[in-house]
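Structure record follows, encoded as structure tokens.
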């Protein structure tokens with residue numbers, strides 16, 4: 001039995017003048033009680049649940065390399081072109097999440113429970129992929145990477161079941177995710193390959209997902225991974241929030257309308273959230289722009305930029321420079337802008353920051369040395385989207401990353417751009433596929 005519709009809230013684990021060093025670098029849902037708000041403590045990098053630090057942690061350079069590889073992969077999938085393309089609920093449920101520093105990642109993570117009894121799993125939140133997965137036992141060290149928590153053991157769950165090959169769920173994986181059958185069709189294989197070269201393979205499975213005490217998603221389809229390769233951090237798996245049928249968003253669309261929103265916190269010490277469903281009618285402060293989709297690629301969510309401002313001054317960039325569109329992606333770190341737009345932004349930002357010395361970085365091309373400055377003045381950067389929606393990025397955490405401008409050039413003006421997660425910090429970003437729009441609300445976390 002499906003409970004009445006609810007808005008599901010999942011907690012995600014910052015001025016012009018800033019003090020230097022101040023910015024930290026078939027399906028069912030059960031909800032009991034039916035109208036409740038549940039808060040769960042956050043986990044952050046220096047908290048008691050954080051993994052021990054060691055010399056094998058990926059460097060900032062390596063993390064940016066992975067992010068750029070991911071962005072290149074997304075753009076390659078989109079190379080064939082692109083075209084344009086409700087519910088008011090009262091009950092909220094919070095779930096543990098934080099900035100991914102606690103698992104040596106720049107991406108964002110949520111903490112959920114999997115199986116019966118529920119076993120905590122720290123999962124990357126990814127709007128740029130669809131299949132959710134965790135590493136499963138048995139799995140030796142050559143097939144599974146070291147993770148923060150023990151491997152999920154399906155043999156210890158009373159609700160686990162592998163999905164058979166003769167089911168609609170297996171057939172819907174299609175050529176992109178399906179990976180054959182084993183044991184005479186008893187196990188449907190899945191595979192996912194990511195832009196940074198990492199991959200996961202295993203058995204497509206059915207399980208109970210616990211989002212918070214009393215809030216469970218039964219018959220949730222996910223990958224039970226037995227073979228993970230490539231660059232991975234210490235997270236336990238991934239939750240896919242893309243637009244294809246395999247994602248958590250689409251699997252829960254009968255209840256939440258295929259809508260979700262999140263606010264990414266700027267620092268480990270601050271709270272954010274992931275919410276399934278459309279915010280209540282009295283939620284104010286949103287500005288909206290039309291949502292676009294890539295033909296034949298349901299995963300990605302796109303918008304159209306029409307302008308950029310620096311220090312409230314609109315840059316002289318023609319709208320045609322943005323015609324390729326911009327994917328909004330929670331897993332890409334730095335925003336990639338087309339050639340003309342990036343050059344204009346870089347020049348205007350450097351002019352506004354002329355009081356501070358530029359330093360070579362090697363990873364990003366507009367970086368500063370703020371040593372000795374008690375206060376730093378950072379100009380506002382604003383995006384204008386089709387339909388007139390204007391959004392100011394958070395100062396400084398939505399603009400600077402490791403004292404560098406968190407942008408790079410993505411390619412020619414006819415190509416695709418990507419809005420990365422640094423620019424999204426402290427904004428509530430609402431993906432409302434049912435109504436064909438994306439919303440932004442400033443200062444949400």
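Every residue, even glycine, has its Cβ placed from backbone N, Cα and C.
Positions annotated as active site by TrEMBL: 126, 329. The feature domain 'Peptidase A1' is assigned by TrEMBL to 108-441. Residues annotated as signal peptide in TrEMBL: 1-21.
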Mean of the pLDDT scores, which run from 0 to 100, over the domain 'Peptidase A1' (108-441): 90
Residue 329 (active site) versus residue 126 (active site) - Cα distance in angstrom: 7
Cβ neighbours of residue 126 (active site) where a neighbour is any other Cβ within 10 Å: 24
Residue 329 (active site) CB neighbourhood, other CB atoms within 10 A: 26
